[in-house]
Amino acid sequence: MELSSEDNNLTEKVLPPIEQESDVELETKVKKYLRGEGADLETLKDKKLKTQLASREKLYGKSAKTAAKIEKWLLPAEAGYLETDGLEKTWRVKQTDIANEVDLLSSRNQYDIVLPDFGPYKLDFTASGRHMIAGGRKGHLALVDMMSMNLIKEIQVKETVRDVAFLHNEQFFAAAQKKYAYIYGRDGTELHCLKERGAVARLRFLKNHFLLASVNKSGQLHYQDVTYGGMVASIRTGKGRTDVMEVNPYNGVVALGHTGGTVTMWKPTSQAPLVQMQCHPGPVSSVAFHPNGHLMATSGKERKLKIWDLRKFEEIQTIHGFHAKTLSFSQKGLLAAGTGSFVQILGDSSGGSSSHNYSRYMNHSMVKGYQIEKLMFRPYEDVIGIGHSMGWSSILIPGSGEPNFDSWVANPFETSKQRREKEVHLLLDKLPPETIMLDPSKIGAMKPSRRKEKPSRGEIEAEKEVAIEAAKSTELKKKTKGRNKPSKRTKKKKEMVENAKRTFPEQGHNNTASKKRRIGEDAAAELPASLKRFARKN
Amino acid sequence: MKIKTLSRSVDEYTRERSQDLQRVFHNFDPSLRPMEKAVEYKRALTAAKLEKIFARPFVGAMDGHRDGVSCMAKNPNYLKGIFSASMDGDIRLWDISSRRTVCQFPGHQGAVRGLTVSTDGNVLVSCGTDCTVRLWKVPRPTLEDSSVSSENFIEPAAEYVWKNAFWAVDHQFEGDLFATAGAQLEIWNHNRASPVQSFQWGTDSVISVRFNPGEPDILATSASDRSITIYDLRMSSAARRIIMMTKTNSIAWNPMEPMNLTAANEDGSCYSFDGRKMDEAKCVHKDHVSAVMDIDFSPTGREFVTGSYDRSVRIFPYNGGHSREIYHTKRMQRVFCVKYSCDATYVLSGSDDTNLRLWKAKASEQLGVILPREQKKHEYNEAVKNRYKHLPEVKRIVRHRHLPKPIYKALGIIRTVNDSKRRKEDRRRAHSAPGTIVTKPLRQRRIIKEVE
């Protein structure tokens, strides 16, 4: 019996090494699913509520653990990678080398499509990565199914096209043309002409809110709800013309990069920017956001690339050497920067989420020196799409795409029935534009109830001014029969303003009280030491 | 050099034949879902609004009695039937699905005050102000009965005359005994013409009686001297007894927690007690404006329904202080009896306007066969609404109920009265030595004392 108990003790203490490792991995996964810290229940006084919340927190913990555990069974695919052995460096690996190593299906994703007549191309992908719209500067619009490399529709609008963007699915896309922006259907029919915006420089679509955001040649920002066509906001930024605009996918905030080196962030419900950051000494040439919303990459014309942490608005890293005309983050956090005809991919070499260290991962030079116009990673694939002056290309970047898609979020293998259902669900879940804020997790949270603080002096002054303005702007009834004398009218108005002022007490009392105290203190300092005990104590 | 890129073969991700189900893949990673909290909040708001759109609780009324309905009884073995008795002695068995009378039990000369069915469903016991207790044989329900429109008239199996008018009757669970409440509490057997046992305390009449579903020998009664007494049949006297400030009209035991009972009081509140410790109420349920006439628990034990003199029927959670639902109609006058159906889906109310009304327990519930996907959607809507129901926009929609004007005004008056009482109390306490003024919690305040 003694022996058996010893055996039991041994089995309890020693775990096989594989189990131990997976515990650590499990912890990180559980943290991901927990979505932040638990609530602090110690501050609650209501016992019933406390017990209810405590049991809920336990349930959250359990569900996060279950989600972490089933990950290894539920997720069918694993991420791509590029590992070099010994002295070989990853950025010396060429696309031709990759093509040799990789299967046929992936090598089909490496190509250059040359269309020399129609100018530099801009491109956009749908959320599932299946369809692409390419817009050439000289008016060529092409809608392509990437999986079958099938050209669905191409049209020639015979006008300058500055930018293209998909709406919520591949059925609709918007093109920023010479004078106005237009919305086209899937078969190339022009559905809408958006005249209010003027000559648009950049177009972006906010998916959760169904808002089409654009910045035009005079620097005005427009938000339009595409479900009913109403213009939600037109904001005059006051910072002049810019064509650098990006949307932060995490919180729906639009960032504009200006020629003074500032990056401003906007939301549709306010006329003033949310944040203004001085990023570069010279003009900002492009901005990109990491999908998790915490990182922003900006590049300026002074040949520096800076990585910013958006939680603290601090610079994390600066990379010298090249000025990127276009930047793009992939789903897995790789950063692509394009200058001239050179694409550089930067990868995060540190594993943890708290520290970021972007270093060279891969390079690519465009064939025959075609000048790069736009870079965009294709969602859910290890592919980056390059729009350049002679058409578009695509190259393989192992490890850039998310290997496992969720059918309810974005399904590259959608049937038409699924697409229609998804459209209806998206519309039902459409968020109002007021939900765009810097920290979206504040929605649904309760503010801690504070005791009523006395409003500060500035606030009282502001309220007073508002009340006086209101009193001044009230219209007096026009009296007839000789009672409408101007002297009486002015007297009446003065009376109303006096009444409005009277509701706000005098602000002078505090000063006199503090003055008295100061005198007392000064007096105490002046008194000789023997008389100090007679000084008035406060 | 090791290179791997993502390549998905179409076969793995799509279905083979058109008869197969579509393949669905899940990845619960939160980073794939930006703004998930805002989307959830929007869904909660939509769910709250949809619930209000589909809230149609009134199913139908059963018309037939010629005087106000005084009491009802439900047969635990037969879901579709309900017995009801009126103030002119008319007892009927109704078929709820067709809302028709199946058969009548004529015989009582005055108002029928109590109605109960034995647990096996064979015997119906009724008692009334004509000092008689009648036993009836309940007809077996057959397919013909529900379709035949003609009504049967059943003769009583037994009729026992006694010395005083009766106020209530209840049948023992899994037993042969039933108890009547009148001048005293009397225990009868089916076969005997006079009571087997009788309990008395003081000179006041016993108003209501209820047997405990868990312990067949324990029963609770309420008397017109404002007391609630718990008796054990195996002992010769009362087990527990408390005296309250106002009299209790009806009592119900919680079927899932048989030691807890809830008493419907004349002052408009219901008091939930633990039967073992009666000196303090466990919970006070306050929402009615006038006297609560009857109370019945749901078979789940999580809710109970009350009918009150203020012309409304309310559904309360078993541990919550306020009602979650109120039902009222212009035509429904004073509600004298309520019953929760045995499948926890419907609520029946019998009122002074001679009608029995059938309501849904959950006002926006979809009746009939629900597909599993629909069921999942309903559950999701319920869960997401409950998650955000404390936030002001959602709370306003979820809480909103239309109240009849008299009840609305009376609630306003009660609120003002309570506010002013509390203010006065606070001022008294502020101006007296700390510790001299002690307020008892409401759970204890309404109980005067526990006797024995």
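Even glycines carry a Cβ here, placed using N, Cα and C.
The annotation domain 'Sof1-like protein' is assigned in TrEMBL to B:361-447.
Taken from TrEMBL, the feature repeat 'WD' covers B:62-104 (among others). Here the repeat 'WD' (B:62-104) has long-range neighbours at 110-117, 119-121, 124, 126, 128, 130, 136, 138-139, 141, 145-146, 149, 151-154, 168, 334, 336-339, 341-343, 346, 348, 350-358, meaning same-chain residues at least 6 beyond its ends whose C-beta is under 8 angstroms from one of its own.
Long-range Cβ contacts of the repeat 'WD' (B:105-138) within its own chain (Cβ-Cβ under 8 Å, at least 6 residues beyond either end) map to 67, 70-78, 83-93, 153-175, 178, 180-181, 188, 190. For B:105-138 (among others), the entry in TrEMBL reads repeat 'WD'.
Computed over the repeat 'WD' (B:199-241), the whole-number mean pLDDT of the model equals 91. The repeat 'WD' annotation in TrEMBL covers B:199-241 (among others).
Taken from TrEMBL, the feature repeat 'WD' applies to B:285-316 (among others). DSSP labels the residues of the repeat 'WD' (B:285-316) in these numbers: 0 helix, 18 strand, 14 coil.
Proximity of distant same-chain residues to the repeat 'WD' (B:328-369), defined by a Cβ-Cβ separation under 8 Å and at least 6 residues beyond the stretch ends, is recorded for 50-74, 76, 79, 82, 84, 86, 94, 96, 99, 293-300, 303-309, 311-313, 315, 378, 403-404, 407. Under the heading repeat 'WD', TrEMBL lists B:328-369 (among others).
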Item to check | Beyond the flanks of the repeat 'WD' (B:285-316) by 6 or more, those residues with Cβ under 8 Å of it | outcome: 249-257, 262-272, 322-328, 332-340, 342-344, 347, 349-351, 359, 361, 404, 406-407, 410-411, 414
Checklist entry - What are the DSSP helix, strand and coil residue counts for the repeat 'WD' (B:328-369)? => result 0 helix, 18 strand, 24 coil
Checklist entry - Can you tell me how the residues of the repeat 'WD' (B:199-241) break down into helix, strand and coil by DSSP? => result 0 helix, 23 strand, 20 coil
